[in-house]
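Visitor: Attaching a single structure in structure tokens format; questions to follow.
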Amino acid sequence: MASPVFRLYDTMSRQVEEVTPLEPDHLRMYTCGPTVYNVAHIGNFHTFLTSDLIVRTAQALGWRVSHVSNITDVGHLTESDVSDGSEDRMAKGLHSKEGSAFANVWDLADHYASLYKEDSRRLNLLEPMVRPRATQHIREQILAAEKLVKNGHAYETPTGVYFSVKSFKGYGKLSGNKDQESLKRAVRNVVTDDNKRHPADFALWKKDDKHLMQWYSPFGWGFPGWHLECTVMAQTYLGETIDLHAGGEDLVFPHHECEIAQSECLTGKPFCNHWVHTRFLQVEGEKMSKSEGNFYSVRDLVDEMGADPLAVRYALIAGVYGKPMNFTLQGLRDAAGNIERFQQCDAWAVKALAKGPFGPDELGPTLDGLYEECLVAMCDDLNTAVALAKALEGTRAILREGEAMSKASAASARAFLDKTNGLLGIVRPESPGCTPKAPGVDEGRILALIEERGEAKKGRDFARADAIRSQLESEGIELRDGPEGTTWRRRV
Ligand SMILES: [Zn+2]
């Protein structure tokens, strides 16, 4: 079968379009990463997973992917920061309760960057080619600001350097905020400066010799504007025109609009050929918020509630990225059941490959067909709902074939699971550290109780055996009896 055509919705053209890398079969893509002032939440990871699925789909088509995803470790003001004491996010992180454990804002950034990387690995997110940090690219940002001033696209005021949106005809082409009125509505007055020529002009450099993170520049001590980091990091690692840029829908305006303006005024070339944005995530039908008690990080779900990280991944990709997604704990439980099916199939296939009988391959053609359908669905604007359904259909075929499948069938099952894992990342953990930890659980005691229950059953003391099961149930520990004995897991 010929490779399917990879199509994705493009925010700029507002339609689903074929992804056509400038260099055939080599996708150069950039994803806006997190600001590392606290723990990233599942809404952030929902967005990062879209990029991961784009990378996996492209690789499944045989493409090479150069993926750059940054870490924002310079603080920037946001709307809520301004209404809340005018401290930027990094400073706020340092002055929070958790932040008091850190000597300075640099240590705080290091800490949360490492937690973010750990959570990424637990969710089977493929490592990007490079994960640059904004603070490692201050020099390039200063040079870019200087160049934009020189070529008439930016100007200096007593408080900073601003990009002049009127100097760039294309400003607003991504978000549609082109006319004066919509620009005025869309611009959140994060930086108020009477010297700005237009309210939508945005900062390339803020002069501030009191800021926690500051650098010396020809404009004086200060720090770069947020949008500039992605422009210079994308260009440094991927070239002047990139194939694809991804991020959350909240970044369309102003962040990505500003990236386009800066980049195209720096090079005179198109910045990016394809824009992909992930719609927002709700939890239990509500906006995720700490005060509502529906705010989850990966570590809340995995470390506190004992969820399998792969189930978290499954639940977060179960809805298509282009529609608002509703994450629920019931969805997570269902996902855990599905992950177990994949792992059950994998265990049976490994066993049958080693010890199974010789015989015909009963699974190959069915599973090959299902994998193709899975890949076709992913190429169809990342239709994860269909892709996961096809992958599950594969597990049903394997489970029907049974534990005693032939070696040839087992080889086909294994190949299917390998390819499915490559495409969707839901069969087995790909990096160390993916095993769910369950703090507060005394594993020794559980194992002792399981043994006692086994003995009770042998002695036909079913009342005692049931009592042990109920006791563990009440503690949230679920027992599973299988041919290999009894296993346990923590229920979400
Ligand atoms: Zn960015």
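Backbone N, Cα and C atoms are what each Cβ position is placed from, and that goes for glycine too.
The following feature annotations were taken from TrEMBL:
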BINDING   CYS32, CYS230, HIS255, GLU259  Zn(2+) binding site
BINDING   LYS290  ATP binding site
DOMAIN    373-433  domain 'Cysteinyl-tRNA synthetase class Ia DALR'
MOTIF     34-44  motif ''HIGH' region'
MOTIF     287-291  motif ''KMSKS' region'
Visitor: Using a Cβ cut-off of under 8 Å, list the residues of the same chain at least 6 residues beyond the motif ''KMSKS' region' (287-291) that approach it.
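Guide: Residues 41-43, 281 contact the motif ''KMSKS' region' (287-291) from elsewhere in the chain.
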Visitor: C-alpha of LYS290 (ATP binding site) to C-alpha of GLU259 (Zn(2+) binding site): distance in Å?
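Guide: Between the Cα atoms of LYS290 (ATP binding site) and GLU259 (Zn(2+) binding site), the distance comes to 31 Å.
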Visitor: Just to verify: the residue among CYS32, CYS230 with the fewest other Cβ atoms within 10 Å, which of the binding-site residues is it?
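Guide: CYS32, out of the binding-site residues CYS32, CYS230, has the fewest neighbouring Cβ atoms within 10 Å.
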Visitor: What does DSSP give as the helix, strand and coil breakdown of the domain 'Cysteinyl-tRNA synthetase class Ia DALR' (373-433)?
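Guide: Its residues fall into 43 helix, 1 strand, 17 coil.
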Visitor: Identify which of the binding-site residues HIS255, LYS290 has its Cβ surrounded by the largest number of other Cβ atoms within 10 Å, counting every protein chain shown.
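Guide: That would be HIS255, with the highest Cβ count within 10 Å.
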Visitor: Compile a sequence-ordered list of residues in the same chain as GLU259 (Zn(2+) binding site), six or more apart from it, whose Cβ lies below 8 A from its Cβ; state 'none' when nothing qualifies.
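Guide: In sequence order, the residues whose Cβ lies under 8 Å from that of GLU259 (Zn(2+) binding site) (at least 6 apart) are HIS227, CYS230, THR231, ALA234, HIS245, PHE271.
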Visitor: Show, in sequence order, which residues other than CYS32, CYS230, HIS255, GLU259 on the same chain lie with their Cβ within 8 Å of the centre of the Cβ atoms of the Zn(2+) site.
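Guide: In sequence order, the nearby non-listed residues are TRP226, HIS227, GLU229, THR231, HIS245, GLY247, LEU251, HIS256, CYS258.
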Visitor: Going by DSSP assignments with H, G and I as helix and E and B as strand, what are the residue counts for the motif ''KMSKS' region' (287-291)?
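Guide: Per DSSP, the residues of the motif ''KMSKS' region' (287-291) fall into 2 helix, 1 strand, 2 coil.
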Visitor: Mean pLDDT across the motif ''KMSKS' region' (287-291), rounded to an integer, is what?
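Guide: Taking every residue of the motif ''KMSKS' region' (287-291) together, the mean pLDDT is 85.
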